[in-house]
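Novice: First the structure, which I've put down as structure tokens, then a few questions once you've had a look.
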Amino acid sequence: MESCNCIEPQLPPDELLSKYQYISDFFIALAYFSIPLELIYFVKKSAVFPYRWVLVQFGAFIVLCGATHLINLWTFTIHSRNVAIVMTTAKILTAVVSCATALMLVHIIPDLLSVKTRELFLKNKAAELDREMGLIRTQEETGRHVRMLTHEIRSTLDRHTILKTTLVELGRTLSLEECALWMPTRTGLELQLAYTLRQQNPVGYTVPIHLPVINQVFSSNRAVKISPNSPVARLRPLAGKYPGEVVAVRVPLLHLSNFQINDWPELSTKRYALMVLMLPSDSARQWHTYELELVEVVADQVAVALSHAAILEESMRARDLLMEQNVALDLARREAETAIRARNDFLAVMNHEMRTPMHAIIALSSLLQETELTPEQRLMVETILKSSNLLATLINDVLDLSRLEDGSLQLDLGSFNLAAVFREVINLIRPIASVKKLLVTLHLAPDLPEYAIGDENRLMQTLLNVVGNAVKFSKEGSISITAFVAKAESLRDPRAPDFFPVPSDNHFYLRVQVKDTGSGINPQDYPKLFTKFAQSQSLATKNSGGSGLGLAICKRFVHLMDGHIWLESEGLGKGCTAIFMVKLGIAECCTESKLPAATKAGMNHARTDFPGLKVIVMDDNGVSRMVTKGLLVHLGCDVTGVSSGDECLRLISQDHHVLFIDVCMHDGYEVARRVHEKLTKRHERPLTVALTANSDKATKDQCRRVGMNGVVLKPVSIDKMRSVLSDLLEHRILL
């Protein structure tokens, strides 16, 4: 039998099972061929996948599996050997690829496991990031609420509004059933219910501050959960409801003590208020962490706002107190100014009223001294004249001291002969010293300038006071006066720490020393020697006289001239040395000095009387007018006395040589001005002289403004009047 290549017939299959297998293989092949398409799409989209070649190998395996199932469709019928060979080849390739894929999985699985680990790590990180983002969102929400609450709280600085606004805003933001604030009482031993959210009028009952729950809250700066049954949490009746959770937080209170303007107050935060917050009843809601943080932040903000309000209230009280003090000070200032004006007015009136009788006494005494008198009568007249001069000096001292104290006294600076001032003082003091048989010597240093710039009258008054004191307190011995220019090294004195002399080319410091052999000074009396109306006890008991004003005025005059004065003594009975330094300007040219009237009179001996000199005296005081007229008549003048300005203007003419006007009259300056208007030509106009009781600079300036030629200070003696007329007729000016 010949062999053939045909396939041996097989058993006939079950038609139904074959049909199902055929259909299944078709769909399996279709599915296998669709999977590579999906893998190709995945590989194309996954550019970062590290195992792309494994997917290619797996795709080939799937394609081969699909091809095997597809080829297997032809095996359900009679098929040729070629079909069997193709089927066998496909299965062999599928087996090779599947084995290779399995072997590769041994290397891939650990990597896949590490990828899974990283995936889990990333999932955990993502969850943590989600939690952090949630926390950030919660914090942002909390911050928004805090900013909103802070804005509402700080929109006012009234503490009651701050606290009420805090409760309302917390209740609205956290949906609270109740919110309350317990404030410490004045004693600090109890907490009192001061503010509540739902009740318009808090009951105001108190609880002891030392309760354990309160100590627990006060000892922590965090919000603390407390029992709803604690005394501070029982704010409203529950009526069978289950109470909500309650938290409490402390609110520091600022306590001010010793608050001062322009200074920080002393702060103390040992006192606290208690804020209690309650969640709604019959609810499962609990306090969250962010809500507790919000409550803590709000409590701190309330403390800051309350501190600002407390500082504002204290500053307002301080401002009100300061305003009251300013009002009181202003009232005191006005009263002081009124008192000063009253004192000045009184002194001005008393000055005029006291000088008028003094003028009469001195003038008449000097006239009486010119007559023929017995020695006993002459002694009496000289005593009257001396006492009157002392009284006039006392009046001058009182008025000068008053002007020094209120600052109205100003120096009248001018050029004068310095040596002449000292000689004039010697001439005035020597008659008194000769009575007590005291030797008075004067030594002027060769380097002492002949002329100086300063207030000649104040310097002479200071010298007269100091030398007068030396004569007054010396019974025997001598008095020496030494004057020289102070050297730079001797300007500073340890007894005067506030005296800072500054040498200059335009001025010098005159140092004067007056040494006596008198009663001396007790060291314990030094502090009160320059006090007004005070005298050394050791000197006052000797009945030496004096008002206690001389040295006090000297000290003020010396300070006014940028100088310093002090006394030195070795003790009682050992004499005393008065030393003072004053600042004087250096005169540029040696012009004729502005000498005192008495000195100038001594230089003009040619005129002792003035026959035919026509004079008008205008004075509304009859006694003063009569006395002045008597002095002028005694000097040979033709005198007309008038009591009013109208009478003066009616009688005045170019035939008159001198016009004396009492400028204390209400129209004294006006009369002088109208005389100038009436007699416009200078050679036709009489010389106008002011008679006044005021020697201040303002009076002299006013006299200059109205055109007066001179000022004569009352009281006036016969010698002074003679000196005035001599100087006036020679120089046509006294100012």
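Positions of Cβ are set from backbone N, Cα and C atoms, glycine also.
According to TrEMBL, the feature Cu cation binding site maps to CYS65, HIS69. The ADP binding site annotation in TrEMBL covers ASN469, ALA470, VAL471, LYS472, ASP516, LYS532, SER547, LEU551. For LYS714, the entry in TrEMBL reads ubiquitin cross-link. If you look up TrEMBL, you'll see 349-588 marked as domain 'Histidine kinase'. TrEMBL lists 614-729 with the feature domain 'Response regulatory'. Residues or ranges marked as 4-aspartylphosphate by TrEMBL: ASP662. Annotated transmembrane segment per TrEMBL: 20-41, 53-71, 83-109, in sequence order.
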Novice: Rounded to a whole angstrom, what is the C-alpha distance between HIS69 (Cu cation binding site) and the residue listed as 'ubiquitin cross-link'?
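Specialist: A Cα-Cα distance of 155 Å.
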Novice: If you count, for each of the recorded positions HIS69, LYS472, LYS714, the other Cβ atoms lying within 10 Å of its Cβ, which residue has the minimum?
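Specialist: So among HIS69, LYS472, LYS714, the recorded positions given, the one with the fewest Cβ atoms within 10 Å is LYS472.
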Novice: Going by C-alpha distance, which of the recorded positions CYS65, ASP662, LYS714 is nearest to VAL471 (ADP binding site)?
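Specialist: Nearest candidate: LYS714.
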Novice: Would you kindly give the Cα-Cα distance separating CYS65 (Cu cation binding site) and ASP516 (ADP binding site), rounded to the nearest Å?
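Specialist: Roughly 148 Å, rounded to the nearest whole number.
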Novice: Nearest to CYS65 (Cu cation binding site) by Cα, among ALA470, LEU551, LYS714 (recorded positions)?
Specialist: LEU551
Novice: Please report how many Å separate the Cα atom of ALA470 (ADP binding site) from that of LYS714 (ubiquitin cross-link), as a whole number.
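Specialist: Roughly 27 Å, rounded to the nearest whole number.
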Novice: Near the Cβ of ASP516 (ADP binding site), how many other Cβ atoms are there if near means within 10 Å?
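Specialist: Summing over all protein chains shown, ASP516 (ADP binding site) has 26 other Cβ atoms within 10 Å.
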Novice: Report the member of CYS65, ALA470, VAL471 (the binding-site residues) whose C-beta atom has the most other C-beta atoms within 10 angstroms.
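Specialist: Of the binding-site residues CYS65, ALA470, VAL471, the most buried by Cβ count within 10 Å is ALA470.
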